[in-house]
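**Student:** There's a structure below that I have some questions on.
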Amino acid sequence: MRILVTNDDGIDALGIKRLVEALLTLEGAEVSIVAPVEEKSGVGHGITYRSALSPEQRDFYGMPVKAWAVNGNPADCVKAAYHLLFEHGKKPDIVFSGINVGTNLGRDIYYSGTCSGAREAVILGVPGVALSYDNWFDQDNYGDVVEMIRPLVKEFSDRAIKGELASEVFWNINIPHVPLAEVKGMVPATLSMNHYEDKYSEEAEGYYLAREYPQVMPLAEPLDYDLLKHGYIAITPVHIDATDRTLLKQMDNWALLKAWGKQEE
C-alpha cells in the first residue's frame, strides 16, 4: 500500500511525525512524505505556478520512509508528488494530510492548508483524509493522538485499497485534546456553520487577525464543532462539487436568462 503524507504546519512539525508513526504500524505500508519546507497554515487551496518548485529529499527522523521538503503549499506538495515524485504507474493509494495543530471545523475547510492537501488528492483521483487535533493552546502536547488515529488510518487505508471510498469526497477528521480513555466515540458530523468573531489587534508592525470561537451548544444536531467540544472524534465527508443544484434549477425561471435564451450549438 502506497501512502502519501503532507501537512500545512511544515515538514518539521510534530504533528506530521505523529501521523507517520501511526501509519508505519500498518502492515505493508510504503510511506512517502511530501510537505512544505515551512509553515503554510491558512493558505487555502493556493498553488504555485509563477515560481519554481524545488523538492529537496531529506531524512525524516531516521524512519523507513521517503521524504521531500517543498517550497510550496500543501496542494503543491500533493500535485508535485503525484506528477513528479511517484514512479509512473505507482501513484499513491491514499493521501493523509496532518496532523494539524488545532482544529479545522465548519468554514475552516475553506482556509485550511491541511484540508487542501486532502482535497487536492481527490481532485487527482486519490482518496484524501485531513486530520486535525484540538491542541492549539497546547501545541507541543499530542497526548494519545497516535493511539486515537491508528484505527482511523487503518480503516481508511483498507477502504481505499478496496475502492470503497467515494470519489469526489475528502474526509475531514477532528480529534479532541483529551486522554484516549475520555474519547466518547467516533461519529459522522455535519460541518458547523457557526461564525467566528474576527478581531484585529494592532501591533507595532501592523494588524494581526485573532478569532474568537463560537459558544459550544448542546448536541441537538451532529455538528462537528459541538461534537468535538463534547469529546467526540468528528468525521465529515466533504464533497468537492460545490454546485447548488436546487438553485441551478430555479435559475431557469430568471427573466434575464429567459431573455437571452439558450445558446444554439
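Placed from the backbone N, Cα and C atoms, the Cβ positions cover glycine too.
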**Student:** Given that Swiss-Prot lists Asp8, Asp9, Asn100 as binding divalent metal cation, which residue among Ser32, Ser41 does it place in the same site?
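**Tutor:** For the divalent metal cation site that includes Asp8, Asp9, Asn100, Swiss-Prot also lists Ser41.
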**Student:** Using a 10 Å radius around each Cβ and all protein chains in view, which of these binding-site residues has the most neighbours: Asp8, Asp9?
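**Tutor:** Of the binding-site residues Asp8, Asp9, the highest Cβ count within 10 Å belongs to Asp8.
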**Student:** Could you say whether, by DSSP, Asn100 (divalent metal cation binding site) belongs to a helix, a strand or a coil region?
**Tutor:** strand
**Student:** Looking only at Ser41, Asn100, the binding-site residues on record, which one has the least crowded Cβ, with the fewest other Cβ atoms within 10 Å?
**Tutor:** Ser41
